[in-house]
Every structure is written in C-alpha cells, then in structure tokens.
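According to TrEMBL, the protein carries these features:
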type	residues	note
COMPBIAS	30-42	compositional bias 'Basic and acidic residues'
COMPBIAS	62-80	compositional bias 'Basic and acidic residues'
DOMAIN	158-250	domain 'Enkurin'
REGION	1-80	region 'Disordered'
Amino acid sequence: MATQSAPEGACGPPPRPAQPGKPARYISKYSEHVRREAEKNKSQWKTMGPAKVAVPSPNDFLQKHSKEPKLAPKKKEQEGEKLLPLSVPGRTYHPVTRIKKNFIYKNAVAVIKGEPKKPRHFCVDTRQGDKYLLEPSGLFPKYIRKKNYGVIPKYVTRRNEEMKREEEEYQASVLEQLKKKALKTLSEEERTNILKALKKNWEEINRAFQTLPILTDTRYKKMHKEELELKLKQLEHDIAAIEKHKTIYIANV
C-alpha cells in the first residue's frame, strides 16, 4: 500500500532559527578550596548516622579489680644503703611517771572546806503541800534589793545633759539674734543735740523763706517757695515729735 504524500503546495512548519552558542558556565577558581574547608570544619555528627569509631577488641574485656587503685611497687634496698638504727634512750633518761590522783580524798577536802548550801525558799499554796520556788514566782522582792535599784541609768543621764546643753545653746542663739534686732535707745545728750540741730536748720530755712520776693511770677520762684514750705513743715513735725517723746528708739536697718 502506497503511502500518501503531502499534497503539492502544502506549507510545513517553518524551520527554527539557529540559536547562538551559550557562554561557558562561570566556575570560581576557589571552589575546590571552599569545598575542602567545608569538609574539614564539618562535625562528625552532622553527617548521616553516628561517627565511625574503632570497635573495642574482644580480648580487652573488663577484669575483676581492674579499676581499683594500685599501690606503687616497693623499692628494694639497694646495695650500700642501710636503714638508720633505732634511737636508744640514754642512761640519764628518766621516764615521766603519771601521778595517780585520789579523787575521793580531793572531793572530801572540797566538801569540808566549801561553804554550806543555802536553803531555798519555797511557797506552799495548797493543803496537799504543793510547793514551788519563791524566787521565780514574783513574790520574792528580788529587784528592789539590787544596789542599782532606783538609780537613773547612765545613758539617760547623758541624754538629759545633751538635751539641756542643746537647749541652752538654742536660747543663747535666740537672745543673740534678739539683741542684734533690738531697737537702739537714743540717749538724752544725743536727743538734745539732734533737737538743737533741727531748730538751727529750721531757722536757716525760715530766714531764706522770709527773704523771698513778694511777687512770685515765675515758675522757678513758685517751685522754690513750695520746696522751702515743705522743708519747714517737715522740720516742724520732727521737732514736735522729739519734744513730745522723751524716749526714742532707733531700729537697726
């Protein structure tokens, strides 16, 4: 059977264009060095499975008493080396003999020479004769018979003295401050001198006021007249105040 051929004039797939040749893949010249470093630094357990170690031999089995500590072997006495002779005590040596103590005699002497025991005070509070020690009960006057009973302790006395001294220092400082801020009293002589000076000043200003012209037509004359009048009034007020009060106080400013 003859195969059917493509009809004449039929167009087939167009031929593929020729591709240009690809450049060779870049390979670093340090790749081998990097691979060796990675293999060298890789841990054994990071590989697949446990590390490969040497298997112990069956002949090296654990024996009895093999792990117990062993003493060093004794050194044999070499030729020419002899042990030192034992020390022998001399003729003048006298051993110390222990003296046996007679404890019965010693205790008897201590009892004979010792002070007799003082009787203990008891308190009986029932018909059956139940008793207890009187001293720890609180009924025995134990504390009031002490030598220092009722005596102020030293630390309390010391503290009171310190408080008293601090109070005196505080009062002295307050008085000093009050003296600094206190008013000064003007003496009689100073008062008289001040009064004379004020009156003399008033006479001088009054003389200048009397010599003023009758007609004050300018501004300067009016201001000068008013100034003199004010000074005269102030001096008259001061003179009257000093003459009225015999005792005058001056503040320390």
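Cβ atoms are placed via backbone N, Cα and C, with glycine included.
All annotation found in TrEMBL is predicted automatically rather than curated by experts.
Across the domain 'Enkurin' (158-250), the prediction's mean pLDDT works out to 88. Residue counts for the compositional bias 'Basic and acidic residues' (30-42) by DSSP state, with H, G and I taken as helix and E and B as strand, are 11 helix, 0 strand, 2 coil.
Under DSSP, the residues of the domain 'Enkurin' (158-250) split into helix, strand and coil as follows: 73 helix, 4 strand, 16 coil.
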